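Presented below is the structure to which this report refers.
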Amino acid sequence: MKQHLLPVLKNIQVSQRYWLMVVDRTSMPENVDPGQFFHLRTTEALSPFLRRPLSVYRITETTLEFLYLVKGAGTVEMTKKETGDTLDVLGPLGQGFQLGSQKEILLTARGVGIATLAALAQKAVENGTGCTAILSARTKDDLLSGEMLEEMGVQVYRVTEEQGNSDVKAVEAQMREIIEQKDIDSLYTCGSRRLSLLNQRLLHEYGLQGEIALEEQMGCAMGACFSCVSPIQKDGKEHSVRVCYEGPVFPMEQVVIS
């Protein structure tokens, strides 16, 4: 893990609650995998003191993109960054998604969960893997990334509370239809406890592979403070793992969702 000072190329509001920041990564030699994250210093002031962990939204040879929900002091400070400013980051951190020889994958994301899964969709398309995504949100305004994913070649389904089609029963019916019609072999999800439980159930029923990207509040993001501990089930026993270090991506069948 290294500290990087990355020039801000763009930082714009993309919906009522979400912003998108693009930074120049040409000075960064490390590879960045979908599902990994960076620990961002949001301000030069003493408060807020702790860095903020953000997943990588899109990855190119020269840029990194962060899609973030503005909901606290740290992310409010992030919105003040302007083109030409510098973003202080630690990373890349954590364990990313494992994308192997899958032929067809299905992503389900709730809200800002798409900020974690978008880079996976990008890599899947680049690898020639078929990719379908169900995007869920409260309102149409919060349904982000659909057009971008479709431009990549991802088939996108949109569901919202506003439209009344985002309940678990409706999403389950949609997932079953997609799994059976497209012969899906892997599931990936982020952003919702209910969607995670649904994915786990369908993974076992259909005998699929899958991974979950967990979201937890983090202190150090280096595995030292144990503030992001979460339970997993492995080898018949329950273990506590650090989401920042052993995760944030875990095999779907191992994650214990309370």
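Every residue, even glycine, has its Cβ placed from backbone N, Cα and C.
TrEMBL lists R52, P53, L54, S55, G74, T75 with the feature FAD binding site. The [2Fe-2S] cluster binding site feature in TrEMBL is assigned to C220, C225, C228, C244.
C228 ([2Fe-2S] cluster binding site) sits 14 Å from L54 (FAD binding site), taking the Cα positions as reference. G74 (FAD binding site) counts 20 other C-beta atoms within 10 Å of its own C-beta, drawing on all protein chains shown. Note on proximity: of the binding-site residues C220, C225, C244, the one nearest R52 (FAD binding site) is C220, by Cα distance. Using the Cβ center of C220, C225, C228, C244 for [2Fe-2S] cluster, the list of other same-chain residues with Cβ within 8 Å runs, in sequence order, M218, G219, A221, M222, G223, A224, F226, S227, R242, V243, Y245. Straight-line distance linking the Cα atoms of C225 ([2Fe-2S] cluster binding site) and T75 (FAD binding site), rounded to a whole number, equals 22 Å.
Close to the recorded FAD site, the chain also has H39, L40, T42, R51, F66, Y68, M78: residues not among R52, P53, L54, S55, G74, T75 whose Cβ is within 8 Å of the site's Cβ mean position. Residues R52, P53, L54, S55, G74, T75 are the ones the record ties to FAD, and the longest Cα gap between any two of them is 15 Å.
Spacing of T75 (FAD binding site) relative to C244 ([2Fe-2S] cluster binding site) is 19 Å (Cα to Cα, whole number). Between the binding-site residues C220, C225, C244, the minimum number of other C-beta atoms within 10 Å of a residue's C-beta occurs at C225. Within the same chain, residues at least six positions away from L54 (FAD binding site) with a Cβ under 8 Å of its Cβ are F37, F38, L40, F66, Y68, A115. Here C220 ([2Fe-2S] cluster binding site) is positioned 9 angstrom away from P53 (FAD binding site), judged by their C-alpha atoms.
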